[in-house]
Amino acid sequence: MSASDGNTAELWVPTGSVTVRVPGKVNLYLAVGDRREDGYHELTTVFHAVSLVDEVTVRNADVLSLELVGEGADQLPTDERNLAWQAAELMAEHVGRAPDVSIMIDKSIPVAGGMAGGSADAAAVLVAMNSLWELNVPRRDLRMLAARLGSDVPFALHGGTALGTGRGEELATVLSRNTFHWVLAFADSGLLTSAVYNELDRLREVGDPPRLGEPGPVLAALAAGDPDQLAPLLGNEMQAAAVSLDPALARALRAGVEAGALAGIVSGSGPTCAFLCTSASSAIDVGAQLSGAGVCRTVRVATGPVPGARVVSAPTEV
């Protein structure tokens, strides 16, 4: 905040803001282990960051506050239930300070859409506070804090394409030689990740939903930069559960392929569907046809891979 007479030096409080841009993710490959005794599932996944981004602006303030605008903003809490708020508290605790910042999130990543938007926002807050407060917290410490917040948060820091294991938080960079073109179809309503996991457990108890092979061929297709090679290898063991809970997803997946996409997949726990296309022009055509097909709420065209959470405006005096 600035003094009413404009003389900020008299405040003895640093002022300014930092804006961080952070991408959503698509899981190109997602294998889910059986439920463990602690309730978690071991994952093997290939994360892919795409150019659908949230912008998170953090300013110094008297107290911690959170405001959201944009895609699905009215569906999210603006208090300690929000992962971005928790990230601010965790970073402040890590450096022994009070979390006195205001956070503004301009959302484009769908809420409860299987693209890790909440995790992305949390990662962005860590990066923004590190820059705003000039903390120079090392990258390895940021990764540790990210993992404490949730299993998708480390990848939002990492970006690009990565192989995730454990609960998804243990990452290894994957070579991706090309820009891949995507159409993202947002569903009318969200799916809770916990509900999709529970449905997957139920389906496995009563039957044998599809299991994926090893991710090696997916990694080879990414290294080759070939969308035609990658398309038939896209796989998500949570897809059957997501479709079971929201049968309209099957129609959306079918419509995308009929519109000319190489392949379609439910992203993560859904319900966002991601369609791989041969080119930028093909993605525009597929997106236009999907928009008019009545199978989804909104369509976005995106590319990947893109970088993880990064500062787009450094600390500035206000």
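Placed from the backbone N, Cα and C atoms, the Cβ positions cover glycine too.
Since we're looking at a predicted model, the values are computed, not measured.
Here is what Swiss-Prot records for this protein:
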type	residues	note
ACT_SITE	LYS25	active site
ACT_SITE	ASP152	active site
BINDING	PRO110, VAL111, ALA112, GLY113, GLY114, MET115, ALA116, GLY117, GLY118, SER119, ALA120	ATP binding site
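Mapped onto this structure are the features recorded in Swiss-Prot.
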{"residue": "LYS25", "record": "active site", "contacts (Cβ under 8 Å, 6+ apart)": "PHE47, HIS48, ALA49, VAL50, MET115, ALA116, ALA120, ASP152, PHE155, ALA156, SER267, GLY268"}
{"residue": "PRO110", "record": "ATP binding site", "contacts (Cβ under 8 Å, 6+ apart)": "GLY24, GLU71, GLY72, GLY117, PHE186, GLY190, THR272, THR298"}
{"residue": "ALA112", "record": "ATP binding site", "contacts (Cβ under 8 Å, 6+ apart)": "GLY72, GLN75, GLY190, LEU191, LEU192, THR193"}
{"residue": "GLY114", "record": "ATP binding site", "contacts (Cβ under 8 Å, 6+ apart)": "ASN27, LEU191, THR193, ALA242, VAL266, SER267, GLY268, SER269, GLY270, PRO271, THR272"}
{"residue": "GLY118", "record": "ATP binding site", "contacts (Cβ under 8 Å, 6+ apart)": "LEU76, ASN82, LEU83, ALA84, VAL111, GLY150"}
Cβ neighbour count within 10 Å of ALA120 (ATP binding site): 34
Cβ-based isolation winner (fewest other Cβ atoms within 10 Å) among the recorded positions ALA116, ASP152: ASP152
Cβ-based neighbourhood (8 Å from the centroid) of the ATP site, residues PRO110, VAL111, ALA112, GLY113, GLY114, MET115, ALA116, GLY117, GLY118, SER119, ALA120 excluded: GLY24, ILE109, THR272
DSSP three-state assignment (helix, strand or coil) for ALA116 (ATP binding site): coil
Secondary structure of ASP152 (active site) (DSSP, helix/strand/coil): coil
LYS25 (active site): secondary structure state under DSSP, collapsed to three categories: strand
